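One structure is given below, encoded as structure tokens.
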Amino acid sequence: MFGMLRALKTHVEAPIVVATRAASTNAEKLEEIRERLAKGPNFQDFVQNPDNSRSEWENYEGKLRREKGEEQRLRLPPWLKTTIPVGKNYAKIKAQMRELKLSTVCEEARCPNIGECWGGGEHGTQTATIMLMGDTCTRGCRFCSVKTARKPPPLDVNEPVNTATAIASWGLDYIVLTSVDRDDLPDGGSKHIAETVREIKARNSNIFVECLVPDFRGNLECVETIANSGLDVYAHNIETVEKLTPYVRDRRAHYRQTLQVLTEAKRFNPNLITKSSIMLGLGETDEEIESTLKDLRTAGVDCVTLGQYMQPTNKHLKVIEYVTPEKFKHWEERGNELGFLYTASGPLVRSSYKAGEFFITSILENRKKRQNATELSKE
């Protein structure tokens with residue numbers, strides 16, 4: 001009997017000893033891996049190589065344009081590689097977005113500049129772009145990664161107050177409100193957007209508010225509602241040149257309709273700053289870009305941004321061309337020559353990218369120019 005118990009004890013203890021040794025070995029291996037990871041390159045090194053200097057940009061010999069009929073995607077050039085988002089302010093904003101069930105176009109549209117805008121950069125203006133009326137759009141533009149549906153969920157009646165409450169706690173200098181298209185609503189959601197603006201201004205009258213809004217299918221009553229809501233900047237994107245509009249944008253969006261919306265917004269409120277944005281790299285020509293810029297100026301648009309189109313998923317339009325930083329610099333200079341209050345042009349520039357910094361810097365520069373001109377006239 002005792003012999004059987006000793007044998008059983010031996011059989012029980014043996015697996016325990018083996019398991020303990022295995023656990024010890026695994027722990028040592030895990031510690032070794034952690035040490036190697038700590039000393040080696042991290043994930044951010046793979047996302048952005050610190051050696052990607054301007055000389056590397058200039059010496060880049062990769063293919064920048066896809067030929068007609070060519071299916072293979074272009075390789076991403078070095079000037080389009082960005083850092084992953086980090087920082088306390090970034091984490092704070094993201095956490096509150098989740099808590100208050102708010103959406104941002106920064107996340108939904110997979111913007112590459114989210115960390116820089118939310119964090120404010122080293123000396124920059126903190127900017128966030130909140131997407132109102134949910135995360136589902138009634139339109140299906142071929143460049144956009146936002147979800148689509150014919151009848152999205154109903155509006156959240158608490159969203160205007162929740163949005164204003166969050167913004168007041170962040171201490172932002174500049175807020176951009178954008179929205180999905182809501183063709184399923186009689187007013188396209190214009191009253192909802194206007195109410196949000198008023199709630200924000202009630203809590204902080206000094207914050208700059210920009211609204212990047214839909215075309216409301218050309219309904220000028222909706223445009224007037226937004227224009228007189230108390231916002232500072234009325235933005236509506238033309239997106240691309242006239243020839244490519246039917247191919248790039250939803251069939252309900254029209255090039256001339258966009259120009260009319262921008263023109264009428266200024267008429268309803270002459271004190272507004274109006275703004276629009278153009279994506280490059282979809283196959284447009286220089287002549288077509290020039291024509292679009294002139295059309296925007298004729299419509300009274302004050303500010304324009306130009307940025308590189310980047311394909312969000314395999315289901316979206318392919319990039320035809322990666323435009324060089326030098327070419328973007330050319331369009332910035334050309335925009336200034338045409339009389340825009342400011343032109344933000346660069347590969348990673350988006351409609352609301354560092355909107356506050358570009359806007360405020362431009363305003364200050366223009367004030368300084370006027371001051372210098374006044375001093376010269378007195379001499």
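Cβ atoms here come from the backbone N, Cα and C positions, even for glycine.
Some features that Swiss-Prot has for this protein:
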BINDING   CYS106, CYS111, CYS117, SER352  [4Fe-4S] cluster 1 binding site
DOMAIN    122-341  domain 'Radical SAM core'
BINDING   CYS137, CYS141, CYS144  [4Fe-4S] cluster 2 binding site
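The local packing around CYS144 ([4Fe-4S] cluster 2 binding site), expressed as other Cβ atoms within 10 Å of its Cβ over all shown chains, amounts to 21. Same-chain residues with CB within 8 A of the center of the CYS137, CYS141, CYS144 CB atoms, the [4Fe-4S] cluster 2 site residues themselves not counted, are ARG139, GLY140, PHE143, SER145, VAL146, THR148, VAL180, ASP181, ASP250. CYS137 ([4Fe-4S] cluster 2 binding site) carries a strand DSSP state (E or B).
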